[in-house]
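Undergrad: The following feature annotations were taken from Swiss-Prot:
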- G172, G173, A174, G175, V176, G177, K178, T179: ATP binding site (BINDING)
Amino acid sequence: MRINPTTSGPGVSTLEKKNLGRISQIIGPVLDVAFPPGKMPNIYNALVVKGRDTIGQEINVTCEVQQLLGNNRVRAVAMSATDGLMRGMEVIDTGAPLSVPVGGATLGRIFNVLGEPVDDLGPVDTRTTSPIHRSAPAFIQLDTKLSIFETGIKVVDLLAPYRRGGKIGLFGGAGVGKTVLIMELINNIAKAHGGVSVFGGVGERTREGNDLYMEMKESGVINEQNIAESKVALVYGQMNEPPGARMRVGLTALTMAEYFRDVNEQDVLLFIDNIFRFVQAGSEVSALLGRMPSAVGYQPTLSTEMGTLQERITSTKEGSITSIQAVYVPADDLTDPAPATTFAHLDATTVLSRGLAAKGIYPAVDPLDSTSTMLQPRIVGEEHYETAQRVKQTLQRYKELQDIIAILGLDELSEEDRLTVARARKIERFLSQPFFVAEVFTGSPGKYVGLAETIRGFKLILSGELDGLPEQAFYLVGNIDEATAKATNLEMESKLKK
């Protein structure tokens, strides 16, 4: 159903013949609504409650039908607070699922779960809307070609490459550079692939969402002077929202991303932070609807809900949605049903390490813990695979030797091990790289490094050709030529000091 969000508001369609019901029961965010016989709304239809509360304040609450109870009653979950609602209030069945604005007009804007802008920049300039509940693409529409999604970030492209149209889990605590990595990916995808990004804040801290918005404006990902030039649309359903909103905000973001893929035929990057909160909200709604809890108190429909969301994130013959999802692991237990269900859908994992961040190596991606199903010789080619394996072996050997170095010192190592350590330290530093979005903080210009350049650089380090260069020459540079140039500059500086 095509509706006009500028006149009727996103998420609400105007029907000539209104189907009216009345509230019969309110339990927190859950409403029971009675409709006339034969006029029952469908599951997932949006219902709207309009009116005034006891002190005359205007009420406008949108709900989503979840269950048909019999006796002409339905049970719906509210997408905003139900304060002020009373039994007997009139409810309008919109006759369609929640619909949100889609297309280029959404870029640079912040939306809530209903697709309403919340950034005080006025209404969204589009008449095109799309329902948030859709089927996953049909089997014949899928693009099964295995191709690497080049990010321009050396450590990711070499050791844990992303799949075009794949799903990536981003594991990291606070302060290790997760936000900066997300912003750099948004920036690089826009430049290298002409792509756009959609960020879905699911059950986030409001402060973090605000920080991300401010940093995006500062780094130019969102262009304040010309909003149309922005590269990202933001959709937020924060921690303080009712569970219905937190459960559906991921679908709102996904719907906006699907339009860019299917209609604009673009490569889209979809960020979901945090996928665990999506599961958590589903668990709350499940309990409110009276379903029997399953393992560890989660909803019995956990796998279905996760699958419904994840199966829509895929590559078609038109374009692709590549999804990067932050994954919170409750009590660091990877066997918990929420992360365990998420793992089944992931193609790659990018693990951020506090140890590397403490050393000042950014991006602080752990080269040994991060994994990818794409790192196979038949997909990435023999040269890439061999280089990646040798880099990992060198770093692993360095890790094993660190205890010996700490106790006895470098001098006690064999000649071969000393060489391995020297190369590993160069590799560790060469895995760092200056980011475009961090230019304002570091003062050094950002670098996008192509995959071929990345492989060439690491092959040169492993071959021993660069053993004579100081390790600081490899820190925060782009390709290997910049490292050799930096080494020459360092040598000249030291001569001048003498």
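Cβ from N, Cα, C; glycine included.
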Undergrad: In DSSP terms, helix, strand or coil for K178 (ATP binding site)?
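TA: The three-state answer is helix.
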Undergrad: Rank the binding-site residues G173, G175, G177 by the number of other Cβ atoms within 10 Å of each Cβ and report the first-ranked residue.
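TA: Output for this query is G177.
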Undergrad: Within the same chain, and leaving aside G172, G173, A174, G175, V176, G177, K178, T179, name every residue whose CB is within 8 angstroms of the centroid of the CB atoms belonging to the recorded ATP site, in sequence order.
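TA: Other same-chain residues with Cβ inside the cutoff are L352, A357, A364.
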Undergrad: DSSP on G172 (ATP binding site), three-state: which is it?
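TA: Reduced to three states, the DSSP call for G172 (ATP binding site) is coil.
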Undergrad: Where among the binding-site residues A174, V176 do you find the Cβ with the fewest other Cβ atoms within 10 Å?
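TA: Fewest other Cβ atoms within 10 Å, among the binding-site residues A174, V176, is found for A174.
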Undergrad: Looking only at Cβ atoms, how many others are within 10 Å of the one on K178 (ATP binding site)?
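TA: Result for K178 (ATP binding site): 20 neighbouring Cβ atoms inside 10 Å.
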Undergrad: Restricting to the chain of G172 (ATP binding site) and a gap of 6 or more, list residues whose Cβ falls under 8 Å of its Cβ, or answer none.
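TA: Spatial neighbours, sequence-distant, of G172 (ATP binding site): K178, A326, V351, L352, A364.
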